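Residues annotated as domain 'Helicase ATP-binding' in TrEMBL: 286-452. Residues or ranges marked as Zn(2+) 1 binding site by TrEMBL: CYS514, CYS517, CYS554, CYS557. Look at TrEMBL and you will find CYS523, CYS526, CYS541, CYS544 tagged as Zn(2+) 2 binding site. Sequence annotations record features per position, and here TrEMBL assigns domain 'Helicase C-terminal' to 549-703.
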Amino acid sequence: MTVVAQIGQILVDVPTMQTNDPYSYAIPAEWEHQLQAGMRVIVPFGRGHRMVDGVVVGVTDVTSFDGTLKPIEAVLDLSPVLNAELQQLADWLADETFAFRITCIQTMLPNLLKTKTEREIAPLDAITPAERATYFPDGTPRPFDPDKLDEATVAGLLKLQRAGKVTVLYHVKNQAAAKTTTGVAPLLPPDKLVEIQHAVAKRAPKQADLLAYLQGMTPSQPQPQAKVVKAAGVSSAVINTGAEKGWLEKSSLEVYRDPFHQPVKPTHPLTLNPDQAKAVAAITAAIDGDDTQNFLVEGVTGSGKTEVYLQSIAVALQQKRTALMLVPEIALTPQMVNRVKARFGEQVAVLHSGLSKGEQYDEWRRIDNGEATVVVGARSAVFAPVKNVGLIIMDEEHESSYKQDETPRYHARDVALWRGRYNHCPVVLGSATPSLETRARAAKGIYTRLVLPKRVNDRPLPTVHIVDMRAEMKSIGDSDFSTPLVAAIQARLDRKEQVVLMLNRRGYSSFVMCRDCGFVLKCPNCDISLTLHMDSHSMKCHYCGHEEAIPKVCPNCHSRKIRYYGTGTQKVETALQAQFPTARILRMDVDSTRRKGAHERILKQFGNHEADILLGTQMIAKGLDFPNVTLVGVLNADTALGLPDFRASERTFQLLTQVSGRAGRATKPGEVFIQTFNPDHYAIQLAQSQDYERFFVTEMAMRHQGSYPPYYFAVQVTASHEDEAVAAKAMYQIVAALKGDLSDQAIVLGPTPKAIARVKRKYYYQVVIKYKNEPDLKAGLEQIRQAAQIPARHGLAVTIDPEPMNFM
Ligand code: ADP
Ligand code: ZN
Ligand code: ZN
């Protein structure tokens, strides 16, 4: 019988039977006072004593113990992987997002700690010779496999860890294997290859094809075998033959390189202009003060927000505190990361999904042990284990990528605000086009508003022209480029200036628009664009379920040119090249940037003026700062307007303002052309004047009228199943149950099938509830989540999304 002095509260990870209540386990006496909250353990669970992962969330002393508790089987960490702040944050997050505590904890940990990894325990300098002799008889690090070590040894190691005498290293197997592929390069000179090609041409035509392809390759530059197979039109067997005959050489080829390991030239603080100085002073006062004060930095594009962030970070560092800076997507904002690194050098840690698990973990550890004091990263970096935080910055705070669209469905902004309160430090939300929610809170005084109304050095904002494509269509036909845009591009090519062209792919071909008058079919109940459903050949509103036939003539102008809308970047690139045969064009879209580091390469090429035109999807709208860009063209401003989403106008305004801001950032003035079928729409009109404040007022009125956020809260519940009837029935039951918890003030939209009703062989049904004050709603949703666990085993999945960003 094990002697027990303490009991551990353990959250167990059992996917089908989750609970937020921890289970009690006995802590073996040898481990007394060693186990701490935040450590991972293995415990026996259920009748079969199956071994499952768990996390310690509490430890209590006991004086008497009746012996019925199962003992903890093994400890996986010698020190907590989750500090006290993050433990509390996990509890809050679980409560806010209707997720389980264990899921939240896993979301916070680096990937490497989520997978089964090899652990090794290594002695540190502080260890005594006697301890070294006991625990490291070979003098070298030893594998740390708690299953195989006896309790006394683990207890001894736990003590050494607490005394700072040992450390645990984590290893992932086969990290290198993932990084290489087979490469192929010719071994013979081209004339020799030609000779052999002629010799084998009749007998072995495929070998001749391969030989022909090899002639065009540079001997010192191997290409991936997969590429050669495709380009030469031969099988890998033919390549093997080529290798046997000595025509080519196979080698191992590195596929990825980390884009952020290049050295960055250091920069020094710039002299601030008065608006910037005022902003930095206000943020500094808040860092100094003990009350949490939060800010909205509302600054037009090119107003120098980044310099405000950097100098504010410097203040936090001077006070021996740390700083956390969130950016929408690291891959899309390499310039921003470089600017932070250039200012703060080695103490910057960058967290992003492009790093390998090992690299991610290394950065995480540098943060955890205090080596890195400035953290830059995308959404999940908000969980970085920085301690004593002095400042949290969220750049482009309006970006929807800050909301996670899987469990836990958190918004990084809410997490940042929580951590600001915990650390008594300010949170700075920055944008040229703040989200309506944030701007409305600033209006209420919840955030202090700091305005940068002008571009740096009084550079003018670009002149924006709106091109009415309804009129243009009559002269240019189906071309994607209007006459004024073509002339403007030509002028830039003549002057050796650069052009950014954006093709908006959001909402691509999902809605029907009249090419003569720009009319978009809307729901009579919800005033939201109807979505085209090819399966049912109808137009549907997926807020309320309204359905009608696909129109053949425009209800507005009776034109027959009403059809769905959309074109691809590749097609546009071809047309653009035909229009401007000598122009050098770079294309940036999901296809051209699939490979790691491709984003940065394209941007670097463009920055070096190796191309005249950068053609891309909305991924080019963010953060680019190229002095030679004097023209921005938006080929289709309307697609996002047609999205069945109450934020469609807001997204359109934000995107147009952001992309316009890429023009004329240095000494040469900028010009923007926005091609649209809706030249009178307020989102387009106000993007032309780049008047965010007026857009805010106009859009708030629309939201008020439609009872949408920020006037109302919203929650979305979704049920999915392979059998459509099961999903629908579940959804109706959920709505019936929820209605009992709601007052007649709440607005229930649905149940209705989702816009894309069938994804990955599953049918989706949803309901959206808009509400102001519903005290019983949370408990009702909680019950639904609990009840959903049992049917989940039979393939029915229920999700609850507070403040959903994505209604598709
Ligand atoms: P934003 O993020 O608001 O769009 P940036 O921070 O990119 O603007 O600033 C635009 C440009 O102005 C950058 O090239 C930046 O280096 C420069 N800049 C910012 N602040 C100053 C300043 N106080 N003096 C001179 N140049 C500045
Ligand atoms: Zn509707
Ligand atoms: Zn029409």
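Here the Cβ of each residue, glycine as well, is placed from N, Cα and C on the backbone.
TrEMBL does not curate its annotations; it predicts them automatically.
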* Pairwise CA distance, CYS557 (Zn(2+) 1 binding site) versus CYS523 (Zn(2+) 2 binding site), rounded so that it is a whole Å -> 18
* Which ones in the same chain are close to CYS517 (Zn(2+) 1 binding site), with CB under 8 Å and 6+ residues apart in sequence? -> ARG470, CYS554, ASN556, CYS557, SER559, PHE677
* Asked: Checking the binding-site residues CYS514, CYS523, CYS541, CYS544: which ones have Cβ within under 6 Å of ligand 3?
  -> CYS514
* **Chain-mates of CYS514, CYS517, CYS554, CYS557 with C-beta within 8 Å of site centroid, Zn(2+) 1** => ARG515, ASP516, GLY518, PHE519, PRO555, ASN556, HIS558, SER559, LYS561, ILE562
* Structure fact -> CYS514 (Zn(2+) 1 binding site) sits from CYS523 (Zn(2+) 2 binding site) (Cα to Cα, rounded, in Å) at a distance of 16
* DSSP three-state assignment for CYS514 (Zn(2+) 1 binding site) -> strand
* Structure fact -> Note: among binding-site residues CYS514, CYS557, least Cβ-dense neighbourhood at 10 Å is CYS557
* Asked: Near CYS541 (Zn(2+) 2 binding site), how many other Cβ atoms are within 10 Å of its Cβ?
  -> 24
* To do: Inside 10 Å of the Cβ of CYS544 (Zn(2+) 2 binding site), count up the other Cβ atoms and send me the figure.
  => 17
* Asked: Measuring Cα to Cα, how many angstrom lie between CYS544 (Zn(2+) 2 binding site) and CYS514 (Zn(2+) 1 binding site)?
  -> 24
* Asked: CYS541 (Zn(2+) 2 binding site) to CYS514 (Zn(2+) 1 binding site): how many Å between their Cα atoms?
  -> 18
* To do: Among the binding-site residues CYS514, CYS517, CYS523, CYS554, CYS557, name every one whose Cβ is found under 6 angstroms from ligand 2, counting any of its atoms.
  => CYS523
